[in-house]
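According to TrEMBL, the protein carries these features:
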TRANSMEM  6-24  transmembrane segment
TRANSMEM  58-78  transmembrane segment
TRANSMEM  90-118  transmembrane segment
TRANSMEM  152-171  transmembrane segment
TRANSMEM  183-208  transmembrane segment
TRANSMEM  245-267  transmembrane segment
TRANSMEM  282-303  transmembrane segment
TRANSMEM  336-361  transmembrane segment
Amino acid sequence: MLITVLILLVLLLALALWLGYRNLQHPYLQPVKSLGIKDQLQLQHRARQQLTQQSPKLRALFGFTQLAWIVGLVLILISTVQLETKLTLLIFPTGTAITSTILLISGGLLLLIPALMWPSQSYHYWARHTDSHPEFQLSTAKEFKRYRRQSIGSIIFLDLFILIAWVSRAISTSTAPILVIEYLVIIAIAAIPITALITFLIQFPYLYQTRYVTAKPGQSAKFWTLNYRANRELLKQQPKLKKSLLSVTIARSVAYIFTLMAIWTLYTNIIAPSFATDSSAVFPAAVFALITLIILETIGALWPTKRYHYLQQLKTDALPFTVHDNERFKQFHYHLYYLNLCAGIAWVTLWIAIVGSYYYFG
């Protein structure tokens with residue numbers, strides 16, 4: 001068993017280092033002339049300094065990602081210290097076990113934040129300032145996506161290395177290893193909707209930043225007002241879209257109605273009654289919630305691209321807004337995809353917990 005764990009740990013660490021080394025060899029800011037690894041790192045550092053000096057928002061974002069990395073390492077270190085000093089006691093400290101598993105999972109998630117957030121923001125910044133970096137050129141979109149996948153993959157393998165090492169150590173030294181693993185599994189499951197919800201909320205600033213319908217210079221209008229005007233112009237210039245736009249509006253309204261029905265079913269059958277509660281009401285409520293999910297996720301997957309295609313055909317010369325190019329829409333749609341995905345994960349996990357509580361509590 002020990003040999004198997006050691007082989008697995010070596011393999012995970014090797015994969016993490018290999019992916020990191022590949023990114024060092026093929027960065028998304030490619031020097032115009034061949035450089036060694038050390039010179040490449042210095043070039044990346046100079047580029048990052050220039051970027052953070054020119055953009056206060058990105059300077060704050062970079063500081064946040066570095067803070068997340070440091071805090072993540074500190075949390076993992078504290079969890080490891082607790083494992084070595086507290087979980088080996090004869091009288092098993094349940095509270096410390098729960099705390100250490102929370103710190104471990106939280107630390108692992110925080111380590112992912114720099115890889116998830118910084119490269120894409122840096123890449124998009126330099127794409128908008130193509131004339132301000134004579135020392136390097138941007139990689140293609142395909143190469144950048146590979147770089148980002150490898151960066152995230154490297155941290156995931158590192159997290160798995162830490163997790164397996166922590167669990168194997170808990171099994172070999174803790175006085176109640178089964179309890180430790182049970183708490184770890186529970187915390188990991190609980191972290192799924194929490195992480196999804198946080199990621200869901202994070203997408204909103206990016207969606208606002210990459211919005212593809214914006215007011216023209218000298219015009220001032222809120223995001224929702226611009227979208228309302230854009231829809232109105234679509235109907236005016238392309239009347240055939242009225243049916244599609246009306247269908248989307250009705251479908252969303254139906255989804256919201258099913259959401260209210262799900263909540264109302266739980267409230268009237270389980271929460272409101274003082275004595276005669278009907279726990280089986282979770283099943284029709286879950287069905288209503290599933291219908292909501294299917295409708296909204298389908299609209300989120302199909303409608304934005306179709307709407308943008310028609311918006312590009314608008315004659316906006318006399319209109320107070322402009323429709324940006326396809327690259328801007330791709331950035332918007334990327335964040336919209338993860339917004340819908342994370343909302344779906346959080347929604348599904350919530351209703352799994354509600355239905356599961358029916359079986360657990362009877």
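Along the chain as shown, residues are numbered 1 onward.
In case you wondered, yes, glycine gets a Cβ from its N, Cα and C as well.
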Cβ contacts the transmembrane segment (336-361)/the transmembrane segment (183-208), at least three under 8 Å, sequence gap 6 or more:
yes
Does the chain bring the transmembrane segment (90-118) near the transmembrane segment (245-267), so that three or more CB pairs sit under 8 Å (pairs 6 or more apart in sequence)?
no
Using Cβ atoms only, state whether the transmembrane segment (152-171) and the transmembrane segment (6-24) have three or more pairs under 8 Å that are 6 or more apart in sequence.
yes
